[in-house]
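Q: Okay, handing you the structure first.
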Amino acid sequence: MRMDFDDTITAIASAPGGAVRGVVRISGPQAVACLADLFQGEISPTTLRKAGVLQGALALGDPLGDAPCQAFVWPTDRSYTRQPSVEIHTIGSPPVLEATLAAVRRGGARLARPGEFTQRAFLAGRIDLTQAEAVLGVIDADSQNELTVALRQMAGGLAEPLQELRDRLLNLLADLEAGLDFVEEDIEFITTEQLTSQLREGEQQVAALAEQMRTRSDGPGEIRIAISGWPNVGKSSLLNALAGESAAIVSPLPGATRDYVARRLDLHGLSCLVIDTAGFEADAAAGVADAAQSQMRRQTGDAHLRLFCLDSSRPLNAWEEQQLSEPDPLRLRVLTKGDQAPRNTSSDPTAARRNDPLLAGAMLTSSRTGAGLEELKQAIASALPTAASGEAGVVAGTASRCRESLELAAASLATAGQTAAAGWGDELTAAEIRTALAELGRVVGAVYTDDLLDRIFSRFCIGK
């Protein structure tokens, strides 16, 4: 990996495909010169000495001619990468963007590697490693919850408390080493009580962060929700209603679903894979029906949550009663076809039936009218385990990378506290604090290897 910033890099930074607007990004010593070579509009040396926005056109030559553009210019180190940088905003047509990129490259820039803009921001000290990983977390977010976590981390939600802790530990280490320098003069820079108290506080903070990382990295990954039940109880209709589209075939005839159908949905901020399974058949014949039953059992068994559907327009059958009598903490009872249920009261057609202990907590829904669907989504979000719902507060890439370092740092601080309390010598205590600082440095990127950076930034797309 090249560590110098002497070359100028460029890439298309907007999403693939056509759009109203597209972006070509440039960073490096020749960024402004690359823009000047193809920009048509009011431009002068004075204009290019301060950050600003230029209105004009790009001279792309035949056959495209000129393309209107806005150019955002940062001619000094006050940019994302702390280098002269330019963002060219023009028509989001792939041929126009490719022609712009080619013109910039002819001006002396090379094509950026994946994640190289963010890598330069990290190496220049603009962001730390946890914030760089959060950029990827924003790009990859599948739900509002994941996006919120990534944005919080990108804003320093993890880096700032870690940096504050490192500063406190550095101050402790300075006091200890100052005491070692004046050991013969009986000068005490910090008392044993103060030292052990601060070490214990630091250990608890790091251990709590390590537990967050463990929860996130050991979590179940993609949240899987299986919709199950007797044939023709409205499972496919429920999936379609939750998805807001016709994802699964709906038929009045039982057995319409043989293979499972899955859709990735955002349910109250959680990215979930919702799976419509085949209805239960006690006497499924060999072949497709039997294979469908095996697949149904596999999907429901692997799910983090099971939506057990019951037709509110008819009584429970023997199989449904048997299923409901068996405890299952991962099951939500869902009464479907609420618009077709016999009316016992004007406001709740299933009030009497839901007095049945087997239907305790059952949620009444109607895929046709949408009644009860928002309440069901909220119940799903509340029922999912913390690990599945992503409440660890860090992006997944940071969790898997940092867990071991935080655990080692916590262990070193615990040992340092024990050493200080036992009076085994400030040299041993200082050595353990240095070990903890090194591990925390690995988390934020103060200590890193080229292989580590290559592994992190290679996951980015070009242009970020």
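From the backbone N, Cα and C atoms, a Cβ is placed for every residue, glycine too.
In case it helps, TrEMBL gives these features for our protein:
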- Arg25, Glu87, Arg126, Lys464: (6S)-5-formyl-5,6,7,8-tetrahydrofolate binding site (BINDING)
- 166-212: coiled coil (COILED)
- 8-126: domain 'GTP-binding protein TrmE N-terminal' (DOMAIN)
- 129-461: domain 'MnmE helical' (DOMAIN)
- 224-318: domain 'G' (DOMAIN)
- 337-356: region 'Disordered' (REGION)
Q: Just checking, which of Arg25, Arg126, Lys464 (binding-site residues) has the fewest C-beta atoms within 10 Å of its C-beta?
A: Arg126
Q: List the residues of the same chain that sit at least 6 positions away from Glu87 ((6S)-5-formyl-5,6,7,8-tetrahydrofolate binding site) in sequence and have their Cβ under 8 Å from its Cβ, in sequence order, or write 'none'.
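A: Sequence-distant Cβ neighbours: Ala13, Val23, Val24, Arg25, Ile26, Ala71, Phe72.
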Q: Please give the maximum pairwise Cα distance, in Å and rounded to a whole number, for the (6S)-5-formyl-5,6,7,8-tetrahydrofolate-binding set Arg25, Glu87, Arg126, Lys464.
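A: Among the residues the record ties to (6S)-5-formyl-5,6,7,8-tetrahydrofolate, max Cα distance equals 18 Å.
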Q: An 8 Å radius from the center of the Arg25, Glu87, Arg126, Lys464 Cβ atoms defines the neighbourhood of the (6S)-5-formyl-5,6,7,8-tetrahydrofolate site; name the other residues of that chain inside it, in order.
A: Ala13, Ser27, Ser79, Tyr80, Thr81, Ser85, Phe117, Thr118, Ala121, Gly463
Q: When the domain 'GTP-binding protein TrmE N-terminal' (8-126) is classified with DSSP, how many of its residues are helical, how many are strand and how many are coil?
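A: Its residues fall into 32 helix, 42 strand, 45 coil.
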Q: So, in DSSP terms, is Lys464 ((6S)-5-formyl-5,6,7,8-tetrahydrofolate binding site) helix, strand, or coil?
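A: Once the DSSP labels are grouped into three classes, Lys464 ((6S)-5-formyl-5,6,7,8-tetrahydrofolate binding site) ends up as coil.
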